[in-house]
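Features of the protein shown, as given by TrEMBL:
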DOMAIN    48-257  domain 'Calcineurin-like phosphoesterase'
BINDING   Asp54, Asp87, Tyr90, His256  Fe cation 1 binding site
BINDING   Asp87, Asn125, His219, His254  Fe cation 2 binding site
Amino acid sequence: KAFFPKKIITMNFQYVIIFLVSFGFCFLVSCAEFPYFNQSLKDDGSLSFLVIGDWGRKGLYNQSELAFQMGEIGEKLKIDFVISSGDNFYEDGLNGVNDPTFQHSFTNIYKAPSLQKTWYNVLGNHDYRGDVEAQLSSILREKDKRWFCLRSYVLHAEIVDFFFIDTTPFVDDYFTNPKEHTYDWRGVLPKDKYLNDLLKDLDLALSKSTAKWKMVIGHHTIKSAGHHGIITELAQQLVPILEEHDVDFYINGHDHCLQRIGSIDSKLEFLTSGGGSKAWRGDVKGWNPTELKFYYDGQGFISIKLNQKEVEFVYYDVFGNVLHKFSVSKDSCVSSQ
């Protein structure tokens, strides 16, 4: 039974309460502001899921073809859920809860039986150019029961904790130089307080995690050989917290490619899954080859399977071909092919 301490029921928290009532998720009370949700493991103690980002284009740019391959791989792996790394709807998010783009870019595209699982979403910069409150609304859940989106939250699955982070407000340029774009900053302003609270709550949530594996999911790149490269604000403000708490993986979208970048001075790896529709062929920068383990400038997605001892990552292209595969174990033994 869910219990809501008065101190965490704020205007920004109202959607969590709606989600809990209408979604049927299990809520774990925590002194952190991040809402916590439970995800059950398979009977064998494992978990499997797909990661896709930058996808919502009404089936165009191979989105539909990629959705088909996701369905095939999802069936093979018997996935438990899907993670979206943001930029869920192009070009400018949704214009309201009744925007038909939701059906045309999500419900009508990801129709495979294996994809009829919860989609855990974060917001991207293109989502912030529309009605952010629409994507956070329980009304979308009524339209498609798979949809789950909050600004920041934690998904707890016993052996792994997933920390979903709202990264768009970190990028100063969206505030100071929005160009022709209009961003929906409701619930974010004043920005400094919002970011300070987010970082404080993330630090607290990570410090309390006892899970074997820790994965942080945000839309924006931190390390990337792609178009957007290093997002300085995240590298300066977020990375120290991730490294301090021994986070294993930071998973993002934003760059329309697939990639894997390691760290010379820590175990933290940066994985990009932003190839959900439109890709940027040939848009790659030089990167330290010691860190850059894999880069693909086309459409694709990632599957992840983990248990207590090991995590396996597989990168697929739009035809379902395996592009890159590697595993990480807790004894720091890494194998790749």
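Every residue gets a Cβ built from N, Cα and C, even glycine.
Positions of TrEMBL features highlighted on the structure.
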residue: Asp54; record: Fe cation 1 binding site; contacts (Cβ under 8 Å, 6+ apart): Ser85, Gly86, Asp87, Gly124, Gly253, His254, His256, Gly274, Gly275, Gly276, Ser277, Lys278
residue: Tyr90; record: Fe cation 1 binding site; contacts (Cβ under 8 Å, 6+ apart): Gly56, Arg57, Ser105, His126, Ser277, Lys278
residue: Asn125; record: Fe cation 2 binding site; contacts (Cβ under 8 Å, 6+ apart): Gly86, Asp87, Thr168, Val171, Tyr174, Tyr183, His219, His220, His254
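Residues Asp87, Asn125, His219, His254 make up the record's Fe cation 2 site, and a Cβ search at 8 Å around their centroid adds Gly53, Asp54, Ser85, Gly86, Leu123, Gly124, His126, Asp127, Thr167, Thr168, His220, Asn252, Gly253, Gly274 from the same chain.
Sorted by the number of other CB atoms within 10 A, the binding-site residues His254, His256 start with His256, the lowest. His219 (Fe cation 2 binding site) has a Cβ environment of 30 other Cβ atoms inside 10 Å.
The Fe cation 1 site, placed at the center of the C-beta atoms of Asp54, Asp87, Tyr90, His256, has further neighbours from the same chain whose C-beta lies within 8 angstroms: Gly53, Trp55, Gly56, Arg57, Gly124, His126, Gly253, His254, Gly274, Gly276, Ser277, Lys278. When other Cβ atoms within 10 Å of the Cβ of Asp87 (Fe cation 1 binding site) are tallied across all protein chains shown, the result is 30.
If you take every residue in the domain 'Calcineurin-like phosphoesterase' (48-257) and average the pLDDT, you get 98.
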